[in-house]
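Student: According to TrEMBL, the protein carries these features:
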{"type": "ACT_SITE", "residues": "A:Thr190", "note": "active site, nucleophile"}
{"type": "BINDING", "residues": "A:Thr153, A:Lys179, A:Thr190, A:Glu277, A:Asn401, A:Thr406", "note": "substrate binding site"}
There are 2 protein chains.
Amino acid sequence: MAVGLGSFPAIPNISGVRFAVVEAGIKKASRKDLVVFEIDKGASVAGVFTQNAFCAAPVRLCREHLLQSVPRYLVINTGNANAGTGKRGYQGALSTCESLASIVGCKVSEVLPFSTGVIGEPLPTDKIVDVLPNALASLDYGNWQDAGEGIMTTDTRPKGAYRQFEVNGKHYTVGGISKGAGMIRPNMATMLGYVFTDISIDQNVLQDLLKKTTDKSFNRITIDSDTSTNDSCIAVATGAAGNEKITNIQTELGLAFEQAFTEVMQELAHAIVRDGEGATKFVTVQVVGAKSQEDAALVGFEIAHSPLVKTALFASDPNWGRILAVVGRAPIADLDVDRVNISLNGCLIVSEGGRSDGYTEELGQAAMNPEEITIVIDLGVGECKDTVWTTDLSHEYVTINAEYRT
Amino acid sequence: MAVGLGSFPAIPNISGVRFAVVEAGIKKASRKDLVVFEIDKGASVAGVFTQNAFCAAPVRLCREHLLQSVPRYLVINTGNANAGTGKRGYQGALSTCESLASIVGCKVSEVLPFSTGVIGEPLPTDKIVDVLPNALASLDYGNWQDAGEGIMTTDTRPKGAYRQFEVNGKHYTVGGISKGAGMIRPNMATMLGYVFTDISIDQNVLQDLLKKTTDKSFNRITIDSDTSTNDSCIAVATGAAGNEKITNIQTELGLAFEQAFTEVMQELAHAIVRDGEGATKFVTVQVVGAKSQEDAALVGFEIAHSPLVKTALFASDPNWGRILAVVGRAPIADLDVDRVNISLNGCLIVSEGGRSDGYTEELGQAAMNPEEITIVIDLGVGECKDTVWTTDLSHEYVTINAEYRT
C-alpha cells in the first residue's frame, strides 16, 4: 500500500555526481542492492545521523570520516543494517571503505559507508568487496530511479525529488533520493536520505542548512515512533554550477537555494510517509495556538503515535474522542481544555473542548474519507505552531512487521 | 483473544458491601450495563483518577464528592464514557447522583458516578435514572462475576481477584473487580478498578496505600500507550471485620493487609493486560541495573509501547535488534550501550551491547514460543529497577479498534 505516490520524477544529471547500482546478493539474489556515489573533488558535504545510542557501525564510521576528510565516495548497501554487530560490524564497514579506497587510490576517510536492512546479522563484507571493482568501473551519470531502487528495504516504491531554479541567469539543480517505510521516527535525520546539488556552498553553511531543514522535514515525520539505528541524511554540493561560493545563506542566491533544498527535503520525507508500512492515509497534524513550538511538536507527535487515533484513521472513522483523549494526556503544561478546537479536513469537530454544535456524524464521515487527512489542533493559548506528518495503522502494518526482520 | 485467563475467582461476600447489576439499555439491549454498590456507614473510601486533562464528567464529580463526604453509593454504567461531553455531560452525571440520593435519602455527595464506553456521545441519563429504583430494591450480597460483567466494554472476560488472611485469630478479606482492554496506559489509576475489604483502616492511610499500590500495579501496565479519560480506582474498607482501626501501616496487621491488597491490585491489573485487545502474549518487561527507578520505568514503557517490538512478539519472533533499537532511543541519560544485557525468558540474547556468543536462532525461537514472555534488560549502570506489563500488537487489535468507537 502507498498513498498518492506518483511516478518517479525525472531527476536530471547533477554535474559532479556519478553513481553505479549493482548486485551484491547481500540478502536476496538477483536484486541490485549496492549503490556507490562518486563525488568530484572540491564539493561540500554535510551529514546528520541518528541519535539512537545503539547507532549502527557505518554511522559511527561516517561520523569519524566526516571529521577527517571531505567525502569522495558514498557506498550504500541494503539487506543488512550492520547494527548491533559490535566490533566485527565496525571492522566490516571499515574493510569496505579500505577496499574501495585502495581500488580508486583515495584516502579511507574519503569513503562513507551506509547500511540498511536487518539489525543484528553479521554484514557479509566479502560480498560487498567482491562487487566493488565492477561498481566502480560502471560509475556514470545514470538513471536516478535505479539508485532509489537500490536502497529500498520494505519500501514499495523508490523515492526521489528535485527542484531547479535560476538566479541572475545561472541555473541550479537540487535532487535526491530517500528510503524508509518502517522503524520511522527520525531523530536528527532519516534512514536514508541523499540530496545532491551543483551549487557551490561553504561546508559549514551547508551543514547548518541541513540541520535546520531536517527539523522541518525528516525530523517531523513518524510512522511507528521507532527511531532507527541507521538514520543518515547526506547533502552534497559539487560546486559544478560555477557560482561564487555561498558563505551566507541570507543572500538572494542563498535564500533561493534554501527554498529549493527545503522543498526537496520535505518531498523526500513525505514520500517516506506516503509509502509507510501498510499506509492507507497520508496524515498532516498541524498544532497551532501553542505556547511554544516544543509544545506544538509534542502534541503533534502524541497524536501521530497513538494506536487508537491511527486505527480510527485506518477505518476512516471520525472518532474525535480519541484525538481529544490524546491531547489531554500530552505532556505539556498549561493545557486549558476549554480552549481546545479540533478540525478534520476543515470540518470543525471540537469547539472549546466539547463537540462542536454544528457537527454531525455525516460531516465527520465525509471529512475522513479522503486518502489525505489534515488534523488541525488549536490549543488556544499562544502563537506557536508545528507540523508532523504520519500514517494510519492498518492490518498490513502488522502483517509486514510480524513477518519481516528489521 | 486473551492470555492465560482462568475462570472468575469465587470472591466471597465482603461484609458491608452489597451490589445490584441491572439492564439500563445504554448502548445495547438485553445487556446488564449498570452496577450499583452500597457501602455501609463508617467505611473508609479512597480513590485515584486519571491524569488526562480531558477527564470525563463523572471523574470530575467523583473528585468533588470525595472532598465533601465518605461515599455510600457507587453507580457505574458501561456503554458511554460521558467524556468530551461538556456541561451537559456534567449535568447528566450530577442528575444520576441526585436521583439516587433522593430515593435512598442520602446526600448527593455520598454518591460517586462512573462511566465507561464511547467518548463524546451524550449520556442517556434518563435510561439510567429510570432503572435506579429497581437497582436499589435489589441490592444484596451477590455474585461478584455479575458485577465484573456489568462493567465490561471490549473486555472478553470479567476480571476479579481476592485474598484472605488471618492475623491474631481474626480473618480478613480483600476482593475486587476491574475492567479494561484498550486505551490502557493508566496514569494514577486504571479504568476501572474497585477493591473492597472488611478491614477497618483510617481513611488517609488507605488513600496513601492506594496511591503506593497503584504505582506497582495499574500504573505499570500498558496496552496501547493511550491514557483513558475515565480511569478510576476506588478502595473501600467497610470495617465490618471489627479490628482496631489501622492508623499506621507499619504494624503486623497493616503489613499483612498491604501484602494482600497489593496482590489483589496486581492480579486485577494483570487481568487487564491478559485481556488486552487482540492480546496473544502476556509480557513482563523487567528493567534492572538502572541509575534510578524513573530510568528503569522509562525504558520499560518505551519497550512496551514500541509497535515493532509488539509485532515481533505477536510473531513469536526473537527479533532482539528491535528491542536494542528501543533501548538506544529511550530518553535516559548515561546509557552505556556496551554494558547492556538483554534476555528473553531466561535466554541471554544481547551481551555487552551485541549478540551474545552462545546465542542461536533456535534458542531465541524456543524462548519466544510461550504465551508468557519475560524480557529482562540489564542497563549495567546502577542498582535500581522497575517492571512494566504489556501485550503484543496483533491483527485483532487493529480489527477491534478500526471497528469500535471508544
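Just so it is clear, glycine is given a Cβ too, placed from its N, Cα and C backbone atoms.
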Student: Taking CB atoms only, which of the binding-site residues A:Thr153, A:Lys179, A:Glu277, A:Asn401 fall under 8 A from chain B?
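Tutor: Answer, by Cβ distance to chain B: A:Asn401.
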Student: Say we define neighbours as other CB atoms within 10 Å of the CB. Which of the binding-site residues A:Thr153, A:Asn401 has the fewest?
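Tutor: Output over binding-site residues A:Thr153, A:Asn401: least Cβ neighbours within 10 Å is A:Thr153.
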Student: Starting from the Cβ of A:Lys179 (substrate binding site), draw a 10 Å sphere and report how many other Cβ atoms land inside it.
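Tutor: Taking all protein chains shown, A:Lys179 (substrate binding site) has 27 Cβ neighbours within 10 Å.
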Student: According to DSSP, does A:Asn401 (substrate binding site) fall in a helix, a strand, or coil?
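Tutor: In three-state terms, A:Asn401 (substrate binding site) counts as helix.
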Student: For A:Glu277 (substrate binding site), write down the residues of its own chain that are at least 6 apart in sequence and whose Cβ falls under 8 Å from its Cβ; none is a fine answer.
Tutor: A:Thr154, A:Ala181, A:Gly182, A:Ile223, A:Asp224, A:Thr391, A:Glu396, A:Tyr397, A:Ile400, A:Asn401
